[in-house]
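Step one of this worksheet: look at the structure below.
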């Protein structure tokens, strides 16, 4: 009996089905809840530091929000697949559109915006704000992932980390004052990468059967 078959058998005996709908609904609700929590944290910390009306109409917000939500959508789909045994590894392609679009924007960015941001505090504020918003999101997503039948816990945890990081970055985009695409791909990427590694380590233990 393979490890996957054994885990499926354990899940069945525990009354935990392996269907798409059984895992899809709690994952969707958990993802929406994680995003709401991330937005609430960013607004609580950065309230009064930006004009929401003007930010929401600006191109920099649109490209930051759009690319991070594209990444989040791909990670959501891949995490959903991770909770259903027997699904194809080809689902990993879903992670590509957001980063590819951001790479194109970075390569064509003629703004000359510095990689280290507007001032010396730009990088640490960006990095730790995204991490701060992503950590509760990761906790929610890992908890919800227990509802699925995860056969590769480390990988599922990493994908949950990507999703949490993308949600945290999308939430922070409204307060971010550093508008260069190269800044975004570097420092947003660093924050998402950090929470992805944390998700992989925690998921390997927490999501194990």
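Each residue, glycine too, has its Cβ placed from N, Cα and C.
In TrEMBL this protein carries:
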- 27-49: transmembrane segment (TRANSMEM)
- 61-79: transmembrane segment (TRANSMEM)
- 91-108: transmembrane segment (TRANSMEM)
- 120-144: transmembrane segment (TRANSMEM)
- 156-175: transmembrane segment (TRANSMEM)
- 181-203: transmembrane segment (TRANSMEM)
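Of the Cβ pairs linking the transmembrane segment (120-144) with the transmembrane segment (156-175) and spaced 6 or more residues apart, 3 or more are under 8 Å, so the two regions touch.
Counting C-beta pairs under 8 angstroms (sequence separation of 6 or more), the transmembrane segment (91-108) reaches the transmembrane segment (181-203) with 3 or more such pairs.
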